[in-house]
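Straight from Swiss-Prot, the features:
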type	residues	note
DISULFID	C43-C109	disulfide bond
DOMAIN	22-112	domain 'Ig-like'
CARBOHYD	N38	N-linked glycosylation site
CARBOHYD	N42	N-linked glycosylation site
SIGNAL	1-21	signal peptide
Amino acid sequence: METLLGVSLVILWLQLARVNSQQGEEDPQALSIQEGENATMNCSYKTSINNLQWYRQNSGRGLVHLILIRSNEREKHSGRLRVTLDTSKKSSSLLITASRAADTASYFCATD
C-alpha cells in the first residue's frame, strides 16, 4: 500500500482596505507559501495617520480585527503576529510567523 505524502500549502491573500477615500497599494496581492514558513504582507497609505489596523477575513465571513499600531509606535507583537509601521515611508508590514493552514484568508489594513 502506498502512502501519499503531501506538502500543506497556505495561501494568504492581501487586500488593502481604502479608508476615507485613500488610494493605497498592496504588496503582494496574493502570497503562496508552505505551512510553517513566515509570511510578510505590506500596505502603504498616502496621508498622515493616527493609527493603522490589520484585519483578516475568511471567505464569506466578516472582518476580524488582528492588531492596532499607533503612529508613535514602530513595532508591535501579538502572538505569531508582528506589525511594523514606518510613518516616514507611509507603510506598514504584517508578519505572520510559522504560518498554518488556518491562516488562509484575505488580509486588510486600514488607517484613521
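Quick reminder: no glycine exception, Cβ is built from N, Cα and C everywhere.
The most crowded of the glycosylation sites listed here (N38, N42) is N42, judged by how many other CB atoms sit within 10 Å of its own CB.
Once Cβ contacts within 10 Å are tallied over all protein chains shown, the disulfide-bonded residues C43, C109 are led by C109. Each residue contributes its Cα atom, and for N42 (N-linked glycosylation site) and C109 (disulfide bond) those atoms are 9 Å apart.
When the Cα atoms are compared, C109 (disulfide bond) and N38 (N-linked glycosylation site) turn out to be 18 Å apart. The DSSP breakdown of the domain 'Ig-like' (22-112) into helical (H, G, I), extended (E, B) and coil residues amounts to 3 helix, 51 strand, 37 coil.
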